[in-house]
Structure formats: C-alpha cells, structure tokens
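**Student:** Supplied in structure tokens, the structure appears directly below.
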Amino acid sequence: GKFIIPQIVKYSPNCIIIVVSNPVDILTYVTWKLSGLPKHRVIGSGCNLDSARFRYLMAEKLGIHPSSCHGWILGEHGDSRLAVWSGVNVAGVSLQELNPEMGTDNDSENWKEVHKMVVESAYEVIKLKGYTNWAIGLSVADLIESMLKNLSRIHPVSTMVRGMYGIESEVFLSLPCILNARGLTSVINQKLKDDEVAQLKKSADTLWDIQKDLKDL
C-alpha cells in the first residue's frame, strides 16, 4: 500500500479510492493518510455487504421482498458491527416499536440470530432462494454504480467519523453515506439510541488503539 497508493494519486490525481481489503476500516484510514486525498474521496466498502445480507435475512424472516425491508448494519466491519434495531422498519413501521425487546436476549422473535448470521456469513457467501449472492464483488459494483451514474444513493460505507456521535479520534467506521460522482458527499446523521451510540464509540476506541501505533503515515 505504501508504494501503490502514492502512485495511484500521482497518475490519477482526481481519483476516488474504494478500499475493500480487510481489516477494511483500518486500511481505509491508512489509504487516506498515505494518499493525502480529501476524506470524501477515500471510501471503505465497510458494512455495505453486511447491510445487504441483513436485509435479505430480514426479508426471509418476514416474507417481504428485501428491497422493502429497511435496516442498517453500522460501525466497524468486524465482530462488533452494530445492528441498528431502532431503525429497522417496513413501510415506515418500526419493528422495535411493535417488539420493544427486538435484538435483545429476551426477544421472543429471536432477531439476535439474524445479526449473528450476518456476522458469521461475512466469511462465506449466503445463498438465498431466488436471489443472486451478494458477494463482495457485487457489493463493490453497487458502490461504483452509485458514483459512476451520479445516483446519490445512500450506502453504509466506511468514512472518517471524527466529530460524529462524540467520537474524537480519526477513525473510519460505516455510517449511511451519500455516494455520487463527487465521491462521498455527506453522512446521514441517524438518530441512534444511547446504547447504539455507546457501541459505535466502543468500535472507535478499538480501532484507534490499533491505529495509534501505526508508524510512517
């Protein structure tokens, strides 16, 4: 990366870089530092695939098409990734309002299992009835399409989050971001519950603990 990234920027100064390699949040930070590019032009694939899988599993559980199921996996692309239960909805109906225990150990509908499957399936491609596999290649093509076609679609991708949700360090985490021809143009400030914010901060601390020891950036 140390040799490749400066070369990319030298020959393509107006580029937008999408980082896909794991650990994606840390490598996106490293790429941002090495490239000298503004933060809206360095993006990590982050939780885009996790969120797609979450919606497919949610769809299977509810018997509703994935495109009509809304839910986000945010934070670190790792075991501490966060399912935003407070935002899960179908046609604007909040599932957490219908089932206040959603995602907890006391949840009779066992939504926690869906989150667990997302975490576990990150290491294998899920095959679900009637849908193509949302493998990482398709997921990245999805991000690129939003930029090439200037769609301004919202994706949960890894971006520099300092100043958001009380995070003070220069870390990259997945939040809902608008992607278009200019790159990552804005971050949607989702109304998260206190426990969700605490989890994001914990992810940020974990990442910073690793990053602060990275030399020569």
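Including glycine, each Cβ sits where the backbone N, Cα and C put it.
So Swiss-Prot says this about it:
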| type | residues | note |
| --- | --- | --- |
| BINDING | N22 | NAD(+) binding site |
| BINDING | N22, R53, T132 | substrate binding site |
| ACT_SITE | H77 | active site, proton acceptor |
| MOD_RES | Y123 | phosphotyrosine |
| MOD_RES | K212 | N6-acetyllysine |
**Student:** What number of additional C-beta atoms lies within 10 angstroms of the C-beta atom of R53 (substrate binding site)?
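**Tutor:** Looking across every protein chain shown, the total is 25.
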**Student:** Per residue, counting other C-beta atoms within 10 angstroms of the C-beta, which of the recorded positions H77, K212 reaches the highest number?
**Tutor:** H77
**Student:** List every residue in the same chain as N22 (NAD(+) binding site), at least 6 positions away in sequence, whose Cβ is under 8 Å from its Cβ.
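**Tutor:** The answer is H77.
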**Student:** Taking just the CA atoms, what is the gap between R53 (substrate binding site) and K212 (N6-acetyllysine) in Å?
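**Tutor:** With distance taken Cα to Cα, K212 (N6-acetyllysine) is 32 Å from R53 (substrate binding site).
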**Student:** State the three-class DSSP label for R53 (substrate binding site), counting H, G and I as helix, E and B as strand, and everything else as coil.
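**Tutor:** Looking at the DSSP assignment, R53 (substrate binding site) belongs to a helix.
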**Student:** Looking only at DSSP and grouping its letters into three states, which state does the residue listed as 'active site, proton acceptor' belong to?
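**Tutor:** DSSP assigns the residue listed as 'active site, proton acceptor' to coil.
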